[in-house]
Amino acid sequence: EKSLPLPERWPRASKFALSACAAAVAELVTFPLDLTKTRLQVQGEAAVRRNGAGGGQVVPYRGMLRTAAGIVREEGLGKLWQGATPAIYRHIVYSGVRMVAYEHLRDSVLGRSEDESFPFWKAVVGGMSAGAIGQFFASPTDLVKVQIQMEGKRKLEGKPLRFRGVHHAFMKILSEGGIRGLWAGWVPNVQRAALVNMGDLTTYDSVKHFLLLNTPLVDNSVTHSIASCCSGLVAAVLGTPADVVKTRIMNQPRDKQGRGLLYKSSMDCLIQTVQGEGFMSLYKGFIPTWMRMAPWSLVFWLTYEQIRRICGVNSF
């Protein structure tokens, strides 16, 4: 057994590590779009205006390019990567768990058909389940990422900074809200991840194997690129409303018991957002979300497939 290659001795641990590496590369490349998306999603919050949490100052809604340019002009170019460290931590956990969980569900629990295809309904169940599991474990890192991304905005508004760094953010949230505080907003987070992975994993897997079975295309970078572009678009359409709710719940101020001061639940946040800002406010940040998910999916899947091939692991 010791003479076997590492991927064969520890297949799931190896796939976890490979997917985490691919996700870290994709996250660094596309992170400025994630920061821009987060800032857009909290601009013009009706609940903030109503509760006076914004100090009476209404932030004008700006588009993606003007928001990004404003961050560079007002805070500096480096701030486009503010929160990148917890984002990478998050994807090491999230992508590692979801990829291993999806393959296990596909190959061992749900099972393929006799012709080696994976039925679409099984892909939907597998993608949503894997995304929910991965995001539950990664939720604390996502919470820290969202709150650190908003630190530059707080500084411009004259508010004191909440955190000195990633470690301080974790410790402060833990001391103020306990273990439960680290999982603040986990419900909309898991809901979002389930929808995003129904778009990402399900679409990529289904499109890739459809192309392999029904077209002359082979299992190469062209096929991976087509499948990843489709998965990024579907994931953005399905996941943006839940992402807006998740971002607002995670960024809201909290009392000493860790309870949110603006929203009671994800449903309350959804209702307040639609009533106060209109239905389309659920798609605030859609363009940067889509523009990030498309290249993120492309970079992740191409990197992941190539790393698997180099390391002697069969194609996804």
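Each Cβ is built from the backbone N, Cα and C atoms, and glycine gets one as well.
Residues or ranges marked as repeat 'Solcar' in TrEMBL: 14-108, 118-210, 219-310.
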*asked:* I'd like the per-state residue tally for the repeat 'Solcar' (219-310) from DSSP, helix first, then strand, then coil.
replied: 73 helix, 2 strand, 17 coil
*Quick one: mean pLDDT on the repeat 'Solcar' (219-310)?*
84
*asked:* With helix taken as DSSP H, G or I, strand as E or B and everything else coil, how many residues of the repeat 'Solcar' (14-108) land in each class?
replied: 77 helix, 0 strand, 18 coil
_Number of helical, extended and coil residues in the repeat 'Solcar' (118-210), per DSSP_ = 78 helix, 0 strand, 15 coil
